[in-house]
Amino acid sequence: MGQCYYNETIGFFYNNSGKELSSHWRPKDVVVVALGLTVSVLVLLTNLLVIAAIASNRRFHQPIYYLLGNLAAADLFAGVAYLFLMFHTGPRTARLSLEGWFLRQGLLDTSLTASVATLLAIAVERHRSVMAVQLHSRLPRGRVVMLIVGVWVAALGLGLLPAHSWHCLCALDRCSRMAPLLSRSYLAVWALSSLLVFLLMVAVYTRIFFYVRRRVQRMAEHVSCHPRYRETTLSLVKTVVIILGAFVVCWTPGQVVLLLDGLGCESCNVLAVEKYFLLLAEANSLVNAAVYSCRDAEMRRTFRRLLCCACLRQSTRESVHYTSSAQGGASTRIMLPENGHPLMDSTL
């Protein structure tokens, strides 16, 4: 093992990798932070709504929805991690300690790994449900919990490894350009792992598609339901294309630049696009909520109920304030909405 540089500054490693460390806010930095903060806030709000919907509706207390809830939790964590990054980027990067830098990177790696791993778990669970011809899988809750725990153990493992061993503090020639404190091999392994997850998802959803198509074709041979057969097939194709297309659009650019940097491509200008591709990967945490949750009719109804309930409470508070003011300090306040009808708790 060569000399270790545990007492050096962040600037030392950035200079070693050839990555510019800005001393002031450039227009590019401002644009990235503005977009990043916007995406992070949307990710937080959207996934909080998904978690609230799953927790409040007993119909969602099924294994597949537990996995959707875990996906929302992972994406919520990703929003927090990216928000932390936005407050510690640009000129503020130079002021980070080595521990602070590894914390910033570890939060991102852990949350994004958990999100990707949960996508694969959902695909496997859907495959199991379809093959068992069940609307909702009867997978025991204990096994679902073990699956979720496994996802987070793997995510924490990949997220914590760089800070403890998989770094380049003792081998400067192995440092990556995109993440100057990380080993290039770590980036390559992370990119290849994400690519493997995508290929497994393609295989699983392709098998689901052909299985369902064969079953519907058999039904169509015995029952006059050709329009329904066509509708079911097109709906399934649409779902598969949306799921895989969203993953490709959001993750492929980032995976490519990570792999190129991990393989040591000196002629590849990965630093010019890394921030935007990372933002695109973070946007996947917003897309997941739309693809996996908002396409569910019952989930949409629960969203409307939660949002309307919040609006109704706000309207009630305003009505109470107006009524109490009009009565000039009377001790009895009448709680009526603007239409004059009694309020009904929409959660019942």
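From the backbone N, Cα and C atoms, a Cβ is placed for every residue, glycine too.
Considering the side of the membrane named for each residue in Swiss-Prot, Ser17 and Ala272 coincide. Note on the transmembrane segment (31-51): residues 68-69, 72-73, 75-76, 78-80, 82-83, 85-86, 89-90, 275-276, 279, 282-283, 285-286, 289-290, 293, 299, 303, 306-307 of its chain, located 6 or more positions outside it, place their CB under 8 angstroms from a CB of the stretch. Broken down with DSSP, the topological domain 'Extracellular' (88-100) shows 9 helix, 0 strand, 4 coil. Ranking the glycosylation sites Asn7, Asn15 by the number of CB atoms within 10 A of their own CB puts Asn15 at the top. The largest share of C-beta pairs under 8 angstroms with the transmembrane segment (240-260) comes from 186-206, of the ranges 101-123, 144-164, 186-206.
Most Cβ pairs under 8 A with the transmembrane segment (277-294) among the ranges 67-87, 144-164, 186-206 are made by 67-87. Taking only the Cα positions, the spacing between Asn15 (N-linked glycosylation site) and Asn7 (N-linked glycosylation site) is 15 angstrom.
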